[in-house]
Amino acid sequence: MKVTIDPVTRIEGHLKVETVIEDSVIKEAKCSADMYRGIEKALRGYDYLTAIQITQRTCGCCPYAHAEAAALAIENALQIELNKNGKLLRNMVIGAYKLKDYVLHFYTLSALDFINISDILNYNGNDFDMLELKKYVLKEISSKKVFPNPLFSQKYKNAYIKNKDLNITLINHYLKSFEAMKKMSEMVKIFGSKSTHMVTIEAGGVTTRPTAERLVKYISLAKESQHFIEHCYIPDVLEVAKRFKEYFKIGKGVDNFLTFDTLLNLDGSYLFTGGFSKDFEYEEGIEPYNIIEYNNYAYYKENGGYKPLELTELTPLTFDEFKQNHTKYSWSKAPRYKGHVVEVGPAAIVINNYLRGKDEKLISLVDKFNRELGIDIKDYNSVMGRHLSRAIISKLIIDKIIEDSLMVEEGKLGFIQLKKPPSNVKGIGLTEATRGALAHFIDIGENGYIRNYEMIVPTTWNISPKDNQNIPGALESMLIGTEIRDINNPVEIARIIRSTDPCLACAVH
Ligand code: NFE
């Protein structure tokens, strides 16, 4: 039997997932990215500094990460080191944005996979937003306009949390998460000058001057965000995890994880250190030119595998070629590290940094949750492991950006003005976006013009099609082998997909 989800909802962009299920087990899975834009191509010929603004337009979820990766690539090409305030302020902008994105993923995009939202009808308290929601639902039910909404359908009833009080708490926090995200966006705006697409992240630092007023406002919002993370987000993820413990065994993909350094400390170390682990054996350090992107199954004429910046352009199939070709099934390329399929993202960060064995705070947090939930580090390679990882990372990030904000030197610009445009240099910017390892490669020609640009993006790793050795991508591997309990309601598929938080706008760009 074939089960196709097209499009997958509650993710960013257009993803089609086709599965073949036999004897209640997924035997085949295909992830298709159905959209192509060509942002890298559009960059060529423009001034090198425009990359920071233009690559942000790849996406409305993680523009901060593209801005950072582009700035890092230019700084790498020019061999620039930021000053103290530049380092701190950049962490404060991108850290706040990441938090907003994690909260958005858990509450807005994923929680409805687990909460029984119809329990709002059992709400008898006096919270204004909850009463408004209840009123709205009752009105819609009586008008029969929108309902029966699938979320209220009896068909899905057994798939959700049964404890009414917990559902009511989670619905309440779902509503509160909007206010929390607004505060995190405010934090981004204070030094990013605007959100979504910020304008003050530049090669050379952050151009907003850290006045006392801005710092005080930032710290006060950060403390409120910390409260939400500690008192709503983390407890909610734990409660959901306790009720869906089997999901620590569902959605297990390959045991290979790739991460990049992110959130620089003033001593030159990072909050999360990059590395590669294969079968849970970790090695520190990354060689970006060990990445090859394969195209046998991607809608381009070139079928080979290419290193970053090796090609200036891939040629999309024409419509006639597209109709005749029955092998290719995605606009996404298939990146591989040292030839291996890897998972990137929050679980990869937690697993790699835990295996690295040097970050005591991360290790003690992971050990604490492992004891509470009866799991071990290998279980993070799962649906619930990915949700838990985001919560753990959020706690570490909020603590770090509060510490960073207290070290900023008031009034001192965190920005170094670049001198003249460079000629004939290349640079690499590696960082972690919300969804995982992000790499930008820039090749600057004469007088600062972009000769070639390449982005290798988190979701490309995760939703990649098969590579030239016919090995399925990371999400395809997570799906293959999954047992479907109720073939009429294969919720496992959507839960696995959403656990990776795919962004298709980024994946193909
Ligand atoms: Ni478009 Fe992005 C991906 C993230 S890359 S959301 O994939 O996170 O910066």
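The backbone N, Cα and C atoms fix where each Cβ goes, and this holds for glycine too.
Please treat TrEMBL annotations as automatic predictions, because they have not gone through curation.
TrEMBL lists GLU40, CYS62, HIS509 as Mg(2+)-binding residues, and of the candidates MET130, MET407, MET455 the one it assigns to that same site is MET455. Taken residue by residue with DSSP, CYS59 (Ni(2+) binding site) is part of neither helix nor strand, so it is coil. In the shown protein chains, 26 other C-beta atoms lie within 10 A of the C-beta of CYS59 (Ni(2+) binding site). Nearest neighbour of CYS59 (Ni(2+) binding site) by Cα distance, taken over the binding-site residues GLU40, MET455, CYS506: CYS506. Among the binding-site residues GLU40, MET455, HIS509, no residue is identified whose Cβ is positioned under 6 Å from ligand 1. Considering other CB atoms within 10 Å as the measure, the emptiest surroundings among the binding-site residues CYS62, MET455, CYS503, CYS506 are those of MET455. DSSP assigns CYS506 (Fe cation binding site) to a helix in the three-state reduction.
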